[in-house]
Amino acid sequence: GEAVIETLSQTDRSAVPPLLSVHPSRALVDEKFSVLVENLPPGCPVTIRSLYQSEDKDFWEAYGHYVSNHQGTVSVSEDISLGGTYTGKEAMGLLWSMRPIPGSRKGLRLRKKDTCAPMLVTISVYSGHEDVRDQAPLASALVERWYMAPGVQRIEITEKGVRGTLFLPPGPGPFPAMLDLWGGGGGLQEYRAALLACRGFISLALEYFNTNDAKPKGLDMKCFETAFEIIRSHPQAVPDRVGIIGLSYGTLMTLSLAAECPTIKPSCIVCIGNAHSKFLEEKVGNIDCPMLLINGTDDQNWPTVEVASDIIKMMREAGKESLVTRLDYPDAGHLIEPPFSPHFRAANFMLHGTKKKVMVLWGGKTKPHADAQEDSWKKILSFLQLHLYGAPSLKAKI
């Protein structure tokens, strides 16, 4: 009798089409998901692929080659990818190893402009390990990746010469706050500030470089003082719990604001991809708040690791070395972004004050860079938690 039951269940199985599910299918960009394919034949080679069309209408993809287990399932977070844009056991490889599809424009960089809408990523499973682009998928699912959690508010700021976007966490607060400064590429980048608000910090993304301006406004301290004042005077903000986070050129602004601006006394600062400037040499020792320095050792843009060493040396000479926490990530590049963001070894960059696009080498190897982004974000959040929410205790009603 057993043999008969066996054949029945086999025919039964072949009638059930493969099923691909993603949990959670809607999440913040810094949250992990799990991708599961069921109802495959046992030992079946398949390719699992993600596809995303950016706001600039370019297609990005990532894929891994898997073999189903004896139950006919593949779990991306538990099984090993044998090849593709990533290999090994990588729960989030379908996002961090994304790259433009073959034939795309050169030097693309993926950055979300509209933080109010999610990234819509299609995840599909295909038969075999060959090029699957022209095949029909066996099954697909649509995933929403958000920079804004439900209840986060986005407010455009254009008062008193300040251009930026303020993000408020859900709930009455009061909340500590962050000023978010990007690099010299100009324009307003909101996505990191939106994510910080999801994590309990009022955040102001400041546009202090406009790509159309002939000369940088970045050096006009007034703009930053006003921005800080806007944050501090917000009814839901805790006025003496405001930090600054800067990347690349933004680190210069962050350090100089902390060092020489008496009206801006940040509670803590985070500097990612430290840039160098002569004026820092006289001023850094004036900084009195905790600082977190994050750099990739394969940064091809600035000698950031050396800059971090210089900063520590100056702080040591001022007797303040204990304020500095340093994170150096082996084989990571310059652009250490929120978790699971694709890595770009090189990308187009708009030269400031000109209309010229140049190709800039950022550095980094994809897998170590992805690891650095995931690890540094956790460390940034716990650093901010400690210095902005820490003792004396501050309880926001979230």
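The count begins at 1 with the first shown residue.
Glycine is treated like the rest: Cβ placed from N, Cα and C.
All annotation found in TrEMBL is predicted automatically rather than curated by experts.
Feature annotation from TrEMBL assigns active site, charge relay system to Ser248, Asp299, His334. Per TrEMBL, the feature domain 'BAAT/Acyl-CoA thioester hydrolase C-terminal' maps to 220-276, 283-389.
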For Asp299 (active site, charge relay system) and His334 (active site, charge relay system), determine the Cα separation and express it in whole Å.
5
Across all the protein chains here, work out how many other Cβ atoms are within 10 Å of the Cβ of Asp299 (active site, charge relay system).
26
Could you measure between Ser248 (active site, charge relay system) and His334 (active site, charge relay system) for me? Cα positions, answer in whole angstrom.
8
Within the chain of His334 (active site, charge relay system), which residues six or more apart in sequence place their C-beta under 8 angstroms from its C-beta?
Ser248, Gly273, Gly296, Asp299, Gln300, Asn301, Trp302, Thr304, Trp362, Gly363, Gly364
Quick one: give me the count of other CB atoms within 10 A of the CB of Ser248 (active site, charge relay system).
24
Within the domain 'BAAT/Acyl-CoA thioester hydrolase C-terminal' (283-389), count helix residues (DSSP H, G, I), strand residues (E, B) and coil residues, in that order.
45 helix, 24 strand, 38 coil
